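Everything on this sheet refers to the single structure shown next.
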Amino acid sequence: MDEKLRTSGVQVIGDIAWGTHFCQFYRTQEELVNVVCPYLKAGLEDNELCIWALPRDFETKKEAEEPLRRTIPKLDIYLEKGQMEIISYKDRYAEKEIPDSKKALENLIKKADYALLNGYSGLRLVQDTSWLKNDWKNLTGYEEELDIAIENRRITALCTYSSGKFDTDETIYAALSHRFVLVKKEGNWEKVENPRLKKAEERVIQPSGEVETKTEEENENLKKLLEERTVELTEAYKSLKVNEKQFLQIRKMTHIGNWKWDILTGELHWSDEVYRIFGRDPERFKATCDAFLGSVHPDDREYLINSIKKDFDEQIRNIDYRIVLPDGEERTVRTRVEITFDEENQPVRAEGIVQDITELKRIEKALQEQEEQYRAFFENSMDAVLFASPDGTIHAANKAACKTFGMTEEEIIRAGRNGIVDQSDPRLKPSLEERDRKGRFKGEINHKRKDGTIFPGEVSTALFKDKNGLMKIVIIIRDITERKKVEEVLRKSEEHYRMLFTNMTEAFFLGEIILDRDGKPYDYRFLEVNPAFEFHAGVKGEKVLGRSHLEVFQKADPTVIEKYGQVASSGKPAHFEFFTHLTNRFLDIYAFSPEKGKFAAIFRDITGRKKIEEKTRQRAEEMETLMEVAPVAIWIGHDPQCNNITGNRMANELYESEVGENVSVNSNPVRRFFKNGHELTVDELPMQKAALKDINVRDEEIDVLLPSGELRTLLGSASPLHDADGNVRGSISASIDITQRKKVETELTETLDNLESLIKGRTAELEKAYSSLKESEKKLAEAQKMAHIGNWDWDLVTNKIYASDEMCRIFGLDPQEFDASYEAFLNYVHPADRDHINAIYRAVLDGKELVGMDYRIVSANGQERVVHGQGEVTFDRENIPVRIRGTVQDITERKRTEKALELSEERYRIIAEQTGQLVYDYNVEEDTAHWAGNIEEITGYTPDKFRNMNLQSLISLIHPEDEKKFLEKYERFRTYGGTYRSEYRFKIENGEYIYVEDQGVGLKDAKGEIKRILGTIKDITERKKAEKSFANIEAARKREIHHRIKNNLQVISSLLDLQAEKFKNKKNTGDADVLAALKESQNRVMSIALIHEKLHESKGTDKLDFSPYLMKLVESLFQTYKIGNKDLSLDMDLEENIFFNIDVAVPLGLIVNEIVSNSLKYAFRDRDRGTIRIKLYREENEKPEHQKHENSRGDRISSINNFILAISDNGSGLPEELNVENASTLGLQIINILVEQLDGKIELSRSSGTEFTIRFPVA
């Protein structure tokens, strides 16, 4: 073989011979390519075939080509002719395929032979063998076989290893498998020789005559070789230990620990940082899998185990879970896991890192909650809310706006102000002028929807600046179409009332049918119309009389004309509903025929009712969706006492309750509620207060102690729910969890207090530093650098200017290169501020004092900053300025902070005014308050007069009867802190008293003393009036409910007594008899319950539409008693619109229940078919209506209607010997009692089955 040395291209290696096999350990891609690129370049230039088998670090070939191309400009030429090959990891091995080392060596030898056959000098190989790491025996064997394979071939091989993928032992063994190793120490590459291979090589190349053959000498050499290898391994191990120690220090600083788990033996190893993260003592705590799982939060254990099992398939991934420290503290950690597999692809070892991410999770949650609150306010507003610029550009619109305008948010933004506002409205221009002049506007402006329809809107706008200082507008629009319609209807109602005796309220017209050649109606002619018709049709009477419908309106609905034709031809009246496209309205039409061929129609507009029905349906659907997706907890009380309360998904999560669980404290008192340290009673809870007092409860903070022992703080509101008659039927509440926010507020308060203390200390340090500036230039430069204050000195006589180093740094200049002059200084002053600086300079020359000022500069790097200048002027005896000294301080960050505070205060003020309440910030020490909100609208006092009042002045305006209670709450609040809430009467400007609700929270200083109070005052006068008016209504409603419940319970009790009598004389009663009896009692109670269900559906009326009730009752009995496959049919003939009160409906329903159930049980025992017939109709009354009637109790009643109920079947019939009036069976006894209760009579017919006929009167 040619022994000519080859150029390696790597300086630290030098020339190498064919058959050289060495390796490189690298930590980054940059270290890898720093060796590989020049190594391959030298081979290409020496006519060698070069192959680079990429490691996993490179996902694609292009990532490797980029560094190669920088080193080898002709790379594309080499690639094109095939001298250079780049093989990606994915191209070599399919996913999860275990590489075959033997096959890899065979391919290598074939490549070497190919190179020689194609005229190349040999083969230069770069490859990554970490793919054999999971099979360590295979890896070391491969390296040894590679040595043998290339020893006598024209091949040089470089094996690259990523340091992070091998532990200490593996690194040493890998290094000993190569001729030499390239490692990086202190930033430089070093070549570390393998002493074993080096000595063997030296022995091989020695002349044969010089080889010592003595056994003793050979043993001595081997001994020395072993000693040298031991020393080198020891030094390498020490170096790795030093690196490992540095690595552990880095992980400790970043709160990252590492662990290893031998899956086969179960042995678990933790680093010291893992013990610190888990709060465990390494000396006392034994790290085992069970002990580790014991530290994991119980709710996360199953998730963690499943995630680790999943890693067996997916390899490396992150897992977040919670742990519980020994002191009970809950923390969140993130684990990164990597699994090692054996030859059979079974997991044998897992290792990874652990990092404490508790603070990261807390910050993420706080940011998410804050964003959700702002978004909830914007998205859930019932009014349209827009954010726009003064020029009319719209930036955002909420859902209500999209619904109001019939557009998507993108369409509203594209439309802008001109696209949604009626430009012809004369009020538009004055409203914009008022907004620009006053900063706000409130009034009415016409708007237009997407379909072009115009609607009136009540508009409220306000100007504010965003975080970038740009002027923006918040616009709130309320559609007042319905209100306008109501106003219009009221006006017309008064007019109709004045014409009541001369005009009809419904539209009326008389028409004559027009037939076609086939005798079918196709049009009609107007013969007479009333003014109401003109109003509904929108045409004058003189324009339609004598003309046909098609002549007037051009279009006609053939269905309506057909109905009119049927009425005119048959003489039968018709009643139907119809939607007319002429006026886009729903009409309720009644038509009759006064004579053949003619008809009269009376119709009324029911569009409003139809819209209400549709809105009701949509509202129900929206409420169901809202309850499910709302990002707040919502509870609904289903009864006036809130005995049954259920919540949505968020509510269940917050209360730790199940879906549909009743969380009312009345029935499930597992939660306790507190406010300001006081445990609330049931009547003090928001939902109960809203329902029991029929009031709106707003923005109450309550602490809830959950069953798990966790204490959460909720901010919520509640409102009563009413039925159709305005009676309270329950309440609804919405709350958000502000536990974390309260914690953050406390932490922020402490932080602000600490900052104030630091600022005071900082100010004292600056003053001290400034005093020392005059004593030492060196100290001056240090103080300036510390405080970001530069100084300058301008000698007006010599026109020389001195600028300190810090001043130059503020202006972004190099102190050594800056030529200080007034003109150079002006070049860096913002163009908009130069005239102001020049004016001050001229004033100084005129003998005036120099005052402090803020101005903007543009630094040398183009950055705009704000500085504060302060100076003093020195005058000579003639009062002529001769010297000016001053300082410049960079106050850019302070200005940004002030700007942000101004923006926050502006938003604060806008929100206060928009919500209709006063917001105050009271300084306890100064006895002054800052107010926001419409002071004059609520109190009558001017803002200036109100703001000048101190605490004592405001207390003097509290009603004398309420003053003591207010002062007690206030003093208790000042003593114990927290929050307070007080209701009292407040004297306004006109001398009257209004009820207000005062809520506040105290802000403490570092000593724990309250220094400021933030709070709100809301006018609740109308709420107080409503509470008083609803108190009497609530009492009357309760008495009526108690009366009805008592009557129903008496009926049920009597039925159960009769059922019990059935078993008194029986010696042996089987389970089947008892079950049958219970089933009969259940059906009787069901018939009563069904009556109350129908009464509830009738929305407030005390009478029941009996025919539908009877149909539902009998159908239920059929489902209960129908046996096997018997073909039993039901024939019902029930008169419509028969209404009975509950005193008639209950006994009549029980009678039907007894007769029908008996028929179903006994009449068809031996038959496969049968029919049950039921009739209910009003009997013609021969008596005059005024004739009196006396019932069985001797009561005199008038206006009697007689009814007949007939129930029959074609079954086997009752026995002839059975006497109905003296029957022994419970069912017939109940029937006789109930018929007597109705003052009725019962008749029994046994022909063709059984038929009961019951006649009864109803007043």
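Using N, Cα and C of the backbone, Cβ positions are placed for all residues, glycine too.
TrEMBL does not curate its annotations; it predicts them automatically.
As recorded in TrEMBL:
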COILED    208-243  coiled coil
COILED    353-380  coiled coil
DOMAIN    317-369  domain 'PAC'
DOMAIN    370-413  domain 'PAS'
DOMAIN    441-492  domain 'PAC'
DOMAIN    698-750  domain 'PAC'
DOMAIN    801-848  domain 'PAS'
DOMAIN    851-903  domain 'PAC'
DOMAIN    904-977  domain 'PAS'
DOMAIN    980-1032  domain 'PAC'
DOMAIN    1040-1259  domain 'Histidine kinase'
Problem - Beyond the flanks of the coiled coil (353-380) by at least 6 residues, Cβ under 8 Å - result: 251, 254-259, 273-274, 277, 320, 331-336, 396, 398-399, 630-632, 736-737, 740-741, 744
Practice task
Spell out yes or no: are there three or more C-beta pairs under 8 angstroms between the domain 'PAS' (904-977) and the domain 'PAC' (441-492), with each pair 6 or more apart in sequence?
Solution key: yes
Practice task
Mind pulling out the one from 441-492, 801-848, 851-903, 980-1032 with the most Cβ pairs under 8 angstroms to the domain 'PAC' (698-750)?
Solution key: 980-1032
Fill in the blank from the handout: DSSP assigns the residues of the domain 'PAC' (980-1032) as 12 helix, 30 strand, 11 coil
Exercise for the section: Could you put numbers on the helix, strand and coil content of the domain 'PAC' (698-750), residue by residue per DSSP? Expected result: 12 helix, 30 strand, 11 coil
Exercise for the section: Work out, from DSSP, the number of helix, strand and coil residues along the domain 'PAS' (801-848). Expected result: 27 helix, 4 strand, 17 coil
Problem - Counts of helix, strand and coil residues, the domain 'PAC' (317-369), according to DSSP - result: 12 helix, 30 strand, 11 coil
Practice task
With DSSP as the yardstick, break the domain 'PAC' (851-903) down into helix, strand and coil residue counts.
Solution key: 12 helix, 28 strand, 13 coil
Problem - Counts by DSSP class (helix H/G/I, strand E/B, coil) across the domain 'PAS' (904-977) - result: 43 helix, 12 strand, 19 coil
Practice task
Compute the average pLDDT of the predicted model within the domain 'PAC' (441-492).
Solution key: 89
